[in-house]
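Visitor: Mind having a look at this structure? Questions to follow.
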């Protein structure tokens, strides 16, 4: 059995998957915020419960935000302070007496989608989360992590020149939480979608409200969505020219907006090299379970 943990600032979620990659059981507990020993206990108790329930010693994979293992073997995860700065992988491997594998949660999202029954035919899969700006790359069923675990942090690329041509050269470059100016996640995420609407129309609406107006045929919302899709295509043009994936899977809250997957493909070719083919574009299939799935499938990559 394959055990996949999706760990964040508020919850530790465990999903147990069988050899056919089907979810058999799941359980969630709150994430301890201050005590590292309590954090380790929470994970180990869930593993023990799964072992007893299924009568096996399952493999353990963990998806967590941040850098799973720094040069000195410790975790860097600002959203999980109880474990950040600690040798999480080594400690859990010792306590559980098995090979524990860690990866970035966005990489786990991409891995989950790449191992979907419909998508395993594609050698190079790119996952993009239109919410956090994160993403990941999976080649032949294995995540590409890079030495710093930042492969796929597409949201921290800066606005390209073509974006400024589209939006205007006086378009404000917003400061990102990472400290840089003009990171594309500040414009393409759900909050960015709402910020763009407020910037152009001086109205403060949330993304679902804007989408509802679009669905009702509102002209202003229609113009906003057209501009947003053009901006998304411009930014993806740069990324796809570098990565050239077979499949692009889009997740996050905005992925539920069908216009993104249905209308994006027709906009992409003008921003790619003439010989390039746009990838197949699909909405993420596995929703909230994606993090657990991808973490569990870290043991399918041998």
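Backbone N, Cα and C atoms are what each Cβ position is placed from, and that goes for glycine too.
Below, the features straight out of Swiss-Prot:
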type	residues	note
BINDING	4-11, 133-139	ATP binding site
BINDING	156, 176, 178, 183	Zn(2+) binding site
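Surface or core, plus neighbours and distances: that's what I need for these features.
Guide: Cβ neighbour count for residue 133 (ATP binding site) (all protein chains, 10 Å cutoff from its Cβ): 25. DSSP assigns residue 133 (ATP binding site) to coil in the three-state reduction, placing it in neither a helix nor a strand.
All protein chains included, residue 178 (Zn(2+) binding site) registers 12 other Cβ atoms within 10 Å of its own Cβ.
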Visitor: Can you give me the same-chain residues 6 or more apart in sequence from residue 176 (Zn(2+) binding site) with a CB-CB distance under 8 Å?
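Guide: Sequence-distant Cβ neighbours: 156, 182, 183, 185, 186.
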Visitor: Taking the Cβ of residue 137 (ATP binding site) as centre, how many other Cβ atoms lie within 10 Å?
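Guide: Within a 10 Å radius of the Cβ of residue 137 (ATP binding site) lie 22 other Cβ atoms.
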Visitor: Around the Zn(2+) site recorded as 156, 176, 178, 183, what other same-chain residues have a C-beta within 8 angstroms of the site's C-beta center?
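Guide: Once 156, 176, 178, 183 are set aside, the remaining close residues are 133, 155, 177, 179, 180, 185, 186.
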Visitor: What does the structure give for the C-alpha distance between residue 6 (ATP binding site) and residue 178 (Zn(2+) binding site)? Integer Å is fine.
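Guide: With the alpha carbons as reference points, the distance is 23 Å.
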Visitor: Per 10 Å Cβ neighbour count, which of the binding-site residues 139, 183 ranks highest?
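Guide: Comparing the binding-site residues 139, 183, the most crowded Cβ belongs to 183.
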